[in-house]
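Encoded as structure tokens, the structure appears first; notes follow it.
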Amino acid sequence: MAARFAVARAAHQLSSSAARKPSAFACQRWQRPAAMMVVERRLFSGSAAVREKKYTEDHEWIEYSADGKTCTLGISEYAAKSLGDVVYVELPQVDLEISAGDAIGAVESVKSASDILTPVSGTVVEVNSTLEQKPGSLNKDPEGESWIAKLTVEGEPEGKMMSKEEYTAFTEEA
Amino acid sequence: MSLARRALSSFSERLADPASKVQSYISRSRDPYLNLSIEDHILRTSPPDSTVLFLYTNRPCVVIGRNQNPWSEVNLGILHAARQGKHAPMDTEPPAIGDVDIVRRRSGGGAVFHDEGNVNWSITCPRTQFTRDKHAEMVVRTLRKLGVDRARVNERHDIVLDQGLKRHVADPQDTHATAYTAHEGGPRPFKVSGSAYKLTRARALHHATTLLASPNLHIIPQYLRSPAKNFIQAKGVESVSSPVGNIGLDIDTFQERLQEEFAAMYDAGAKRLTVQTVGEEQLSIPDVKKGYEELMTDDWMWSQTPQFTLTLQPYAGVDMDINVHHGIIKAINAKGSRYGTDVLDKIRPALVGQRLQDVGDWHTFLRSRIHPWDDGFDILGHHLENLIPIPKLTKS
């Protein structure tokens with residue numbers, strides 16, 4: 001139900017300093033060989049999915065599983081920083097069917113409600129219930145432990161999807 | 001020419017017109033569900049680079065934040081006191097106050113009381129230009145121009161009236177301090193305006209109350225103090241209660257001066273900004289109508305509540321925890337002696353899996369579910385009706 005009320009969420013300008021944070025480049029580089037191997041195997045099997053974190057203009061990220069059938073969704077470090085202290089995370093219900101562009105949850109911080117959007121269609125298979133107990137952990141590790149939901153994926157993501165480098169440039173523009 | 005003008009004559013079209021960079025609206029409706037839905041329509045359809053002021057006043061209602069628990073934040077049992085006649089008449093003289101609506105808004109924050117002495121102002125602006133204080137500061141400038149020199153923006157982004165003694169000369173340009181700002185331990189300022197926000201990718205909505213001349217100040221705490229507060233452990237957002245006060249300004253004067261301040265801030269006085277009036281007729285816009293109906297659904301009001309646990313002691317020596325998730329009773333656990341198991345064996349199947357919003361009156365509900373009935377269950381019904389009543393929402 002909540003999803004229908006939603007519009008979008010994100011982070012942009014609230015703290016311009018957040019944009020300048022060096023972010024997880026080291027981690028990114030470390031991940032790349034694995035990601036590229038998956039790409040190569042994919043090319044063989046003909047799938048287009050790439051196992052690398054991709055970012056939306058709404059400041060969510062998705063990362064596909066090795067078989068490309070499911071993905072993990074979360075909000076970016078940039079978003080988590082600019083929202084301020086998170087006091088509540090509204091998670092979707094497991095088995096919820098979702099369409100790209102839907103709000104699948106919401107975050108509340110400093111009297112502000114912001115929606116979490118999904119760039120992919122599919123079904124919610126798992127939610128990170130830790131966030132219900134400890135919403136503040138979303139500020140600490142939004143791109144790791146504090147993922148929001150895991151989804152089975154149908155079709156391609158909608159809207160512009162950016163690599164880490166592209167996304168960092170995008171947040172610095174704003 | 002005349003066709004073109006007519007094409008832009010509808011509210012929706014003018015609102016979405018890319019050339020309308022600064023817009024100002026006022027509602028003549030007193031319906032909180034409608035005003036919030038018009039506001040949401042403004043947030044979602046005004047041009048991305050526009051800034052829009054919207055003023056509205058609601059009939060008496062309690063408005064809770066998106067992620068709040070109505071049972072622990074609001075004294076739901078007295079909302080329809082006059083109609084139900086179940087509770088003792090309240091001290092409502094003068095004036096008498098009738099039904100009070102309960103509304104869950106889409107923005108964050110805590111619970112507030114609205115009535116005809118309260119003006120709500122809302123600003124929708126680009127995300128890139130948004131700060132949580134910017135428009136509260138605009139309102140403080142308006143208030144100070146009207147002679148309210150105790151007004152300032154506090155650290156919670158609300159507007160308060162300082163109650164300290166005049167101590168020093170304050171910078172009139174500083175909207176965060178006054179000559180009456182007291183040191184810690186001094187008289188507490190009165191809150192006169194509370195802020196909440198809704199953020200989307202490109203847009204930010206800041207809306208807030210402004211207590212100008214509420215005749216109900218003395219009873220606001222009764223509505224915002226729940227008998228269940230100490231029995232509910234809730235996820236989500238808890239209200240921060242503050243002493244409130246009236247500013248004591250004429251509503252029309254305040255609205256006009258605020259509209260002028262807004263126009264001056266964004267229009268630089270180049271051309272006179274016309275204020276457009278909206279109301280019931282906006283229900284003909286499908287998007288407004290949809291939002292309006294959604295706000296009045298039991299799903300949004302009750303089942304949107306973050307998970308919570310209600311702890312009861314219906315029978316001597318029994319502590320009963322009722323766990324509610326997405327508005328549905330998920331589990332009932334009890335610690336205690338004597339009545340423990342056999343009572344629970346009857347209660348569990350009657351309650352687990354039940355959506356609260358479908359219960360109606362607890363006494364009637366329990367009687368329809370528990371067989372054979374034992375008068376002892378009346379105690380449970382009494383506790384539930386007292387602590388987690390589910391009043392009917394107004395369908396206007």
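Every residue, even glycine, has its Cβ placed from backbone N, Cα and C.
Keep in mind the model is a prediction, meaning the values are calculated, not measured.
Mean model confidence of the domain 'Lipoyl-binding' (A:70-152) amounts to 93 (pLDDT, 0 to 100 scale). The domain 'Lipoyl-binding' feature in TrEMBL is assigned to A:70-152.
Within the same chain, no residue at least 6 positions away in sequence has its Cβ under 8 Å from that of A:Lys111 (N6-lipoyllysine). Look at TrEMBL and you will find A:Lys111 tagged as N6-lipoyllysine.
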Residues of the domain 'Lipoyl-binding' (A:70-152) by DSSP state, where helix covers H, G and I: 15 helix, 37 strand, 31 coil
